[in-house]
Amino acid sequence: MIFIRSLQNTFITYILASLFLVPATLVQARRTLSASSLVSCMQNSQLVAKSFDVYFDPDSSALHYSLDINTEISGEITAYVDVYAYGFKIISRTIDVCDIGWKQFCPISPGTINVESIQYISEEYTKLIPGIAYQVPDIDAVARLKIVKSDDLDGQVLACIQAYFTNGKTVAQTGVKWATAVVAGIGLLISALLAAFGNSVAATHIGANAMSLFLYFQNVAIISMLHVEYLPPIASSWAENLVWSMGLIRISFMQKIFRWYVEATGGTPALFLTSTTYSVLPQKLRKRALDYIKPLVKRAKQPVLYGNSNVKIFRGMKRVGYRMNIENTSIVPTGFTFFILCGYLLAAIIIASKFLIELFIKWGWVKNSRLISFRKSWTAVIKGALLKYFCIGFTQVAILGMWEFFERDSPAVIVLAVIYIIVILGLMIWSAYRTWYFGRQSTLAYQNPAALLYGDDRVLTKFGWFYSMFNAQYYWWGGIVLLYSFVKALFVALAQNSGMTQALAIFIVELIYFGALIYFEPYLDKRTNVLNILIQTVNLINSFLFMFFSDLFGQPAAVASIMAWVFFILNAAFSLILLLMVLVYTGIVLWKYKNPDVNFKPARDDRFSFQKGDSYVGALDDKVAKELLSLGTAVKQHDTNWEDQLQEQKQVMQNEEYNASTQMFQTKANGSYADLLGESSSSTDTNEKVENSASSATNEAHPGLKSRLKSFTAKLKRNPTMDSTASFTSLSKRPTNDPTPEMYISPSQIPSDKSHERTASESKTGLMKSAHSADNLTDSLKYPQTLNREASSDSFYNQEAQGTADVVNRL
């Protein structure tokens, strides 16, 4: 246990360092400023860059540059230099190119200029750069040059070029990516294993929170795929930490395979990452058709960028792929491949667990009575786990598949996209329909959807992932979540040419879902509802911020830069809180693995009145299990005031025994008994002895309920742990000569009145908490033929055992 605690502390420290301390350590690195793209910021610019690489070392004041420029300008030129940091102008200078000694540009001649050199900048200019520019990660710094002829009095701008600088420090860290991925994966894996070995309170809570965490990571990655006008570097870099949740993970050899596959199937693979003739700016390019109607004031606030045959400006999903070092034509194959690989890995883990458990039982390391439910229904567990996995990857597959219809990387990739979308959409619709069907049937028959959704083990194992995280009355909310995810996927994938449309539509969808969450509160308890409302609040704020990034309101550039820092701080802090929460829940399960349910509150519904007992609890002896069944039968034959009836029956029996003994003395009161009667002044003592002996004989032949409760309580004290699943499953093969009563009540034996039903108070605090639920469930075995009768009878026996155990505990 000490090792587990130290491991948890070390891992938490690692996460904290990954999220906040890693950027701080980079501050100690060497100070630099660099730029790798030079783009045009005006239409018909007479100076266009083919390639551009600039590296400035402030310690030596050396400017290393490599330029390949096409120009149509001739003569001496003057440059107006403006430097912006986070949208604020911090430097503005007018430079005569001939004065700084750049011979290649003084005078300048039409044609191609190819320069690679080092220029030492005077201290006059280096002092203008603030020291913070070298320290802040993902600095938002832009240098803009407007070029005019030196002898032009009108100052007509002939060319406008712009470069984005970086200091080499970023919040996109490999440690953060691994920390978020590992914690989210551990939460999902622990919840899957707990659900496989028994649908417990702990499994439900951890599964709900882990899935909410994963979907939140996906939402951050999805919002960063919007085709917005300008996405500041700090926001783009933080979202890059969570893009793994969409399956976009770079592995070098896989990228080579994808490039070959696209080319082999009739496509043309992109080579922007390896090309030396292209400069790439991972930012959005506004449509040129809209630029003619934009006023000049608007251009001053948010300058328009123009690419050319050598400078590519990526936006939306292409920008995300480029920042992950994935070629445009490999984005969809990468996402699909990791989706299917993770599915195979999940199935392999479950299959390996099954065979390892059987092997441990064979070796004697695990008792044969353990994990019977999982060993019997492990194929159903695989189906349920894979369906849950498909639900998690539904948004990923939908976005990548529909986006491929417009990208058309190759015919084979298009076919794969169609297959993936049809399969996953069909599975999700089928799961939603089956859940709705069983819930509706249960509501019609028993006025409670939980009766079949949680009372039948086959339904719970296969479709429980779809509704177990919600309140039983809102079992259909999983369909709402799917609809919400699908609508978002439609706008993200199909509206990549209009960032404003995407941002506004996503904000409206998030707002509607946020209102629905607050109104319905559909999750299983208050804590989970609060958590998901907080997650949706952050998602709503993110979508609101991206409306500014899309330039929907025409705000100054400084507004977008400031909001990018709000986006980073909000999501970084909230991600840390969610990760720590999942770690705490996981630690509880590892620390108190024998009974983790005691640390989680049950759901605010009656699912556990119908649900099968957990199979990871200790084993129960067969003899005790049989006595539980017979004791439960005896209890059910009495009304709710069965204790008073026991006392009445005892008094009646005592009176009968007393009358019988008195009659015996009276009929045989002859000479042989005269002395005996004469020696005793009263027959009370003798009658009591006879009564006690008769009562003892009766109890030996037919032990009373109260005495049996006492003896059974003593047995439970000697054997405090129990496995209802293991023991009651074996009762299906009872010997014919077993004297214990059969645990079965035919429909004709059920009273016509409603005396056997629980009252409202009993459902919460009564002794018969679960026995009557099991009684009702016995008659419910006539539900649709799709349910397995054997599984239903097992569930019935388990519910009876749970009800009897409640009675004993209260006594």
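Using N, Cα and C of the backbone, Cβ positions are placed for all residues, glycine too.
What TrEMBL annotates here:
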{"type": "COMPBIAS", "residues": "721-739", "note": "compositional bias 'Polar residues'"}
{"type": "COMPBIAS", "residues": "773-802", "note": "compositional bias 'Polar residues'"}
{"type": "DOMAIN", "residues": "31-172", "note": "domain 'ML-like'"}
{"type": "REGION", "residues": "675-811", "note": "region 'Disordered'"}
{"type": "TRANSMEM", "residues": "178-198", "note": "transmembrane segment"}
{"type": "TRANSMEM", "residues": "210-228", "note": "transmembrane segment"}
{"type": "TRANSMEM", "residues": "260-281", "note": "transmembrane segment"}
{"type": "TRANSMEM", "residues": "338-365", "note": "transmembrane segment"}
{"type": "TRANSMEM", "residues": "386-406", "note": "transmembrane segment"}
{"type": "TRANSMEM", "residues": "412-433", "note": "transmembrane segment"}
{"type": "TRANSMEM", "residues": "474-494", "note": "transmembrane segment"}
{"type": "TRANSMEM", "residues": "500-519", "note": "transmembrane segment"}
{"type": "TRANSMEM", "residues": "531-550", "note": "transmembrane segment"}
{"type": "TRANSMEM", "residues": "562-591", "note": "transmembrane segment"}
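Secondary structure counts, DSSP: the domain 'ML-like' (31-172) has 15 helix, 74 strand, 53 coil. Count of Cβ pairs under 8 Å against the transmembrane segment (531-550): among 338-365, 386-406, 474-494, 500-519, the largest is for 500-519. Only sequence-distant pairs (6 or more apart) were considered; of these, fewer than three Cβ pairs between the transmembrane segment (474-494) and the transmembrane segment (338-365) are under 8 A, so the stretches are not in contact.
A contact between the transmembrane segment (500-519) and the transmembrane segment (210-228) is present, since 3 or more of their C-beta pairs, 6 or more residues apart, lie under 8 Å. When pLDDT is averaged over the domain 'ML-like' (31-172), the result is 85.
Recorded stretches compared: 210-228, 338-365, 386-406, 412-433; the one with the most Cβ pairs under 8 Å to the transmembrane segment (562-591) is 210-228. Long-range Cβ contacts of the transmembrane segment (210-228) within its own chain (Cβ-Cβ under 8 Å, at least 6 residues beyond either end) map to 180, 183-184, 187-188, 190-191, 235-236, 238-240, 242-243, 245-246, 284, 315-317, 320, 388, 392, 395-396, 399, 469, 488, 492, 495-499, 502-503, 506, 528, 531-532, 535, 538-539, 542-543, 546, 549-551, 571, 575, 578-579, 582.
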